[in-house]
């Protein structure tokens, strides 16, 4: 299929009434959860994941993606208005966004972040449609050993790149792998970690795992935690939102650089997604700025660059997920899990076997971002009002949605009990320092890694040298080893510097 034919198919798919409705629902829900601190897009996607099982795969994926990048838009609103990041990736916006609010420039900050979000998304969409087809064609030549090595590299990256705590990251991945193999072995029929419970013979549903680690654990940790932050002073009017021409000129090149940084980070599996992209873009702008002392006190570049990077990374992350089947973060792992439930195996065959899914999703990104651009400005006053919902009403409602969502997947009361028990265990694990994102990646990729390992060993008649004799798999494994060595040396150097500082 040619590029032009793909785009035409994408517009035909994305502009259907059903897909437009799901796209609007996704971006609206995403903006709401982005504005409300403490919920986050992971929780929202976990809650709404069961709905996608009863919808066509393209419509469901369009909605989940809309929640993802819609939350990136909404997260910056709370950061700017009340110094509370709606999402982790919007935390860096607080550094200059809230000082602009205190200077009476909240409107300019909100408009600039909206424009930066749209620009970063636009760059990532162009990369998605440009890079995915050739990348998928190259991946068609992959052997089972190559897929195993590539997924192993993704897990190593996810585990070792946890800032300052690589061992915790590795342990989180390992625990996720254990969760992933619970159930009946598809090859031998052996039962693994079922403890005689028939409800576990088919494994633990991804909805239960996601809601436990990103829903129930968050509700438990929020009990008794006061919501702090300054009150919103005055109403946000459309007249007060307009930035000056100087603000727009000052934000242009930071947007360009931020979109480049975010796209590069988003394409790399395990690179940390929007959070790392936003902080990297902020660091780049501070380094290249002629007036770095302005950062932290209301610099326009301090909000435009990270916001563009944040949204570019969110949509560029779909490139490795769809074309290689390697999720770059927890959100992509959830979306990959949703595709697997629908019987779609993400990878290079998606573009050939289901072109309407890929091209429809790519065009829906453009439509969804246009919806956000149109909706965001008139609804600013509504988003600010949502910040004032008391947690005593918000979190019980979330708990109810979690129970309904888990039950609706298979109409099984056991799943509700499972999410409650696993959620309490998740709260303890997170309190001990375990990371939910690497754990979820391990859960999703574990069965796929096992399947490709077995297939490679069968094709090679039990010769494990197949993993190092093939150039592609050898390169991936070498990169994984190099990453482990690099992280180990960095941790050792950090311990040495800390020891010298104490003496």
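The backbone N, Cα and C atoms fix where each Cβ goes, and this holds for glycine too.
Taken from TrEMBL, the feature transmembrane segment applies to 20-40 (among others).
Positions annotated as domain 'DUF112' by TrEMBL: 20-441.
Outside the transmembrane segment (47-71), and at least 6 residues removed from its termini, the chain residues within Cβ reach (under 8 Å) are 13-14, 18-19, 22-31, 33-34, 40-41, 86-87, 121, 206-207, 210-211, 215, 311, 314-315, 318, 331, 334-335, 337-339, 341-342, 344, 354, 356-357, 360-361, 364-365, 368-369, 372, 398, 401-402, 405-406, 408-409. The transmembrane segment annotation in TrEMBL covers 47-71 (among others).
Sequence annotations record features per position, and here TrEMBL assigns transmembrane segment to 77-95 (among others).
Annotation comment: TrEMBL describes 107-132 (among others) as transmembrane segment.
The transmembrane segment annotation in TrEMBL covers 144-162 (among others).
The transmembrane segment feature in TrEMBL is assigned to 167-184 (among others). Long-range contacts of the transmembrane segment (167-184) within the same chain: residues 155, 158-161, 190-194, 200-204, 209, 429, 433-447, 450, each at least 6 residues beyond the stretch ends and with a Cβ under 8 Å from a Cβ of the stretch.
Taken from TrEMBL, the feature transmembrane segment applies to 204-223 (among others).
Positions annotated as transmembrane segment by TrEMBL: 324-345 (among others).
Residues or ranges marked as transmembrane segment by TrEMBL: 357-379 (among others).
TrEMBL lists 391-410 (among others) with the feature transmembrane segment.
Within the chain carrying the transmembrane segment (416-446), a Cβ under 8 angstroms from the stretch's Cβ atoms is held by residues 42, 151, 154-155, 158-159, 162, 165, 168-169, 171-177, 179-181, 199, 204, 206, 208-217, 219-221, 270, 326-327, 329-330, 333-334, 336-337, 340, 402-403, 406-407, all 6 or more beyond its ends. Summarising the annotation, TrEMBL assigns transmembrane segment to 416-446 (among others).
Per TrEMBL, transmembrane segment is recorded for 467-489 (among others).
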With the cut-off at Cβ under 8 Å and a gap of six or more residues from its ends, the chain residues touching the transmembrane segment (467-489) are 142-143, 145-146, 148-150, 152-153, 156-157, 160-161, 166, 456
Spatial neighbours of the transmembrane segment (357-379) not adjacent in sequence (6+ beyond its ends, CB under 8 Å) are 6-7, 9-11, 13-15, 19-20, 23-24, 26-28, 31, 57-58, 61-62, 65-66, 69-70, 73, 110-111, 114, 117-118, 121-122, 124-125, 128-129, 132, 238, 241, 315, 318, 322, 344, 350-351
